[in-house]
Amino acid sequence: MTILNHTLGFPRVGLKRELKKAQESYWAGNSTQEELLNVGRELRARHWQQQQQAGVDLVPVGDFAWYDHVLTTSLLLGNVPERHQNADGSIDIDTLFRIGRGRAPTGKPAAAAEMTKWFNTNYHYMVPEFQQGQQFKLGWTQLLDEVDEALALGHKIKPVLLGPITYLWLGKVKGEQFDRLSLLNDILPVYQQVLAELAKRGIEWVQIDEPALVLELPQEWLDAYQPAYQALQGQVKLLLTTYFDSIGHNIDTIRALPVQGLHVDVVAGHDDLAVLNKNLPKEWLLSLGVINGRNVWRADLSSWFERLQPLVNSRPLWLGSSCSLLHSPIDLNEETRLDAEVKSWFAFALQKCAELALLTQALNAPNDAKLAELAAYSAPIRARRSSSRVHNAQVEQRLAAITSQDIERQLPYEARAETQRKRFNLPAWPTTTIGSFPQTTEIRGLRLDFKQGRLDGKNYRTGISEHIKHAIAEQERLGLDVLVHGEAERNDMVEYFGEHLDGFVFTQNGWVQSYGSRCVKPPVIIGDISRPEAITVEWAKYAQSLTEKPVKGMLTGPVTILCWSFPREDVSRETIAKQIALALRDEVEDLEKAGIGIIQIDEPALREGLPLRRADWQAYLQWAVDAFKLNAAVAQNDTQIHTHMCYCEFNDIMDSIAALDADVITIETSRSDMELLESFEDFAYPNEIGPGVYDIHSPNVPSVEWIEALLRKAAQRIPAERLWVNPDCGLKTRGWPETRQALANMVLAAQRLREEQV
């Protein structure tokens with residue numbers, strides 16, 4: 001039996017981020033809808049061609065999205081929230097953009113749909129909204145149109161469709177509460193119609209994505225799979241597709257389904273292939289996701305060959321990417337500045353397609369020449385294991401020497417708080433900000449000129465110093481109590497630290513989509529992490545010299561740096577996090593020596609690092625909390641440690657939040673009208689809290705009365721003596737006029753509350 005290969009999806013944005021540029025040009029009114037549609041057509045044609053040329057047997061169609069593939073599925077099903085609908089009930093690309101971003105060149109602006117993380121990745125999807133009794137119909141034929149496009153170009157294709165149960169699982173009920181699973185029978189006819197249309201076009205296989213099957217689903221959701229797929233069978237062959245984790249715990253549900261094939265993620269999952277092979281119906285096709293779609297490392301193809309060869313001829317087999325290549329940069333050949341040795345360790349999306357082709361050829365026709373080719377390809381990644389760029393004996397020794405004392409502050413919070421009160425003598429309702437101030441065109445230009453060599457170090461430092469001086473003066477004038485230096489020198493909260501730590505490398509074009517038109521360029525962790533010299537001390541010390549008020553030192557925490565980077569695969573995530581923590585621990589010590597008495601360690605990614613299955617949470621939370629404490633615990637008792645987190649859900653990890661033992665935690669609460677504080681109240685959270693009093697993502701300026709009302713609401717849940725007053729996030733993306741006005745109102749609200757206590 002000949003083995004075929006396929007990818008589960010390909011990056012959409014284009015090598016030069018063409019899609020992003022076309023979207024933003026269209027949104028700004030600088031180009032027409034037809035020009036935007038043409039860019040999409042060109043990108044799809046290029047990406048299909050590139051995959052085919054790299055040796056992919058079946059190219060995916062339906063993985064392209066104008067904003068997000070879950071949103072595309074909503075439109076396919078005719079699921080458009082009332083506030084975003086066209087008057088005539090039609091659906092067009094502006095409907096899609098209004099759901100995604102709240103506005104489009106046509107139609108009335110309305111609140112965008114909620115956005116959240118796609119499983120445990122750094123990609124975000126638009127959350128489908130469901131109402132009782134809503135109707136579904138085939139409303140947006142993008143998938144069928146793109147299938148026609150690809151067939152006209154002569155490609156062998158495999159359409160991709162998000163499965164009905166995962167789609168419902170990912171959504172939220174709006175308005176009157178009901179069980180959204182009850183909508184299953186209403187959406188299945190649309191799926192049947194789509195599959196019938198694909199069958200008419202001669203499609204043999206459809207990839208139907210059900211990643212919810214890697215989760216610990218409630219029994220009623222598992223029970224829904226059988227009747228759902230009974231309704232969908234018969235028109236085309238269905239490849240039930242899972243990714244991001246193992247499926248062993250749901251294997252009984254899966255193997256009873258009337259489908260013709262199953263895709264499993266062999267990279268992130270830990271399913272025993274021999275057992276899996278034995279447990280599946282013998283006539284099923286088994287697709288093995290062996291090339292990691294979520295990271296940038298070259299595959300050890302020789303190892304995969306040895307592991308897979310026993311399965312050849314046991315059943316129909318395909319080889320695939322572990323998940324969509326959406327999470328990978330596009331082409332390593334564009335990286336002209338990477339060190340040659342380091343570059344030899346990487347593979348981006350196009351290289352991953354070539355890896356699939358090479359491995360497939362070797363398994364289909366194994367001979368000495370093919371095995372030698374696999375060995376030659378795998379040699380760099382094997383040589384990496386002993387590279388001096390990877391291993392640092394001092395870091396490894398220091399990691400091994402960590403004791404329980406290293407992760408505990410000297411005194412408990414109550415005793416520390418007393419010494420901190422004496423040191424800082426802050427008023428009731430102390431005011432502060434989260435860290436960053438507006439990144440003006442001037443600031444960005446200064447950094448770019450320095451990076452590209454148009455500005456020397458001395459003039460760059462002079463320029464940054466002026467911006468810090470301005471930020472301190474603004475805060476003094478506003479009357480804030482604890483100041484920040486404003487982070488003018490920082491491009492990104494992770495990239496900035498990665499650039500100053502050994503063990504990281506950066507790409508020129510390693511862009512991946514985060515959501516909509518937003519792309520990120522994550523650093524790559526290639527080896528043991530250490531800090532060659534102080535990172536933030538110079539600027540913090542300078543800022544503190546300008547004022548009598550305390551200035552916070554600002555660090556990004558170890559778990560966030562890990563989660564927002566491409567990590568190593570040869571050591572555990574725990575090891576990486578603790579190496580970063582040790583490096584930043586030295587930074588805490590140096591900040592203290594420089595006279596900085598308040599140090600903030602941001603961990604916005606602590607919750608998103610959680611494993612998909614709750615059974616694995618405790619182990620993760622244990623080392624994540626330990627990494628934070630290892631970073632912070634070197635601080636003296638009178639040094640106040642702050643942390644900042646922005647999530648919508650604390651209840652289920654409250655124990656771990658408390659275990660961080662930060663003296664002050666600032667959180668994002670403004671959009672939830674302080675409801676998030678219920679978690680802290682119910683838990684009787686012992687330390688100090690700064691609930692965000694206004695939403696920095698909006699240009700709207702909150703009134704003094706509105707902020708005051710929120711603070712009163714907070715004081716009903718948390719004792720006033722433990723409350724801080726702050727925005728809910730950094731102010732980097734805002735302009736100075738609304739920043740000044742909002743902070744002035746915030747300070748005035750705090751002053752009014754203080755006066756009541758006198």
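Any Cβ shown, glycine's included, is placed from N, Cα and C.
Take the L-homocysteine site that Swiss-Prot assigns to I434, G435, S436, D602: the candidate from E487, E489, E495, E548 listed for it is E487.
In Swiss-Prot, the Zn(2+) site is described by H644, C646, C729, and among E668, E705, E755, E756 the residue recorded at this site is E668. Binding of 5-methyltetrahydropteroyltri-L-glutamate is annotated in Swiss-Prot for R17, E18, L19, K20, R518, C519, W564, E608; the matching candidate from K117, K422, K713 at the same site is K117. Using a 10 Å radius centred on the Cβ of C519 (5-methyltetrahydropteroyltri-L-glutamate binding site) and all shown protein chains, the other Cβ atoms total 17.
Look at H697 (active site, proton donor): DSSP puts it in coil. The record gives I434, G435, S436, E487, D602 for L-homocysteine. Within 8 Å of the mean position of their Cβ atoms, the other Cβ atoms in that chain belong to T433, V484, M493, M554, Q600, H644, G730, K732. Of all the recorded positions given, namely L19, C519, H644, H697, C729, those whose Cα is no farther than the 10 Å limit from the Cα of I434 (L-homocysteine binding site) are H644, C729. Cα separation, L19 (5-methyltetrahydropteroyltri-L-glutamate binding site) to G435 (L-homocysteine binding site), rounded: 32 Å. Within 10 Å of the C-beta of S436 (L-homocysteine binding site) there are 22 other C-beta atoms, taking all protein chains into account. When the alpha carbons of C519 (5-methyltetrahydropteroyltri-L-glutamate binding site) and H697 (active site, proton donor) are compared, the span between them is 18 angstrom. Once the Cα atoms of I434, G435, S436, E487, D602, the listed binders of L-homocysteine, are compared pairwise, the greatest separation found is 13 Å. DSSP assigns R17 (5-methyltetrahydropteroyltri-L-glutamate binding site) to coil in the three-state reduction, outside any helix or strand.
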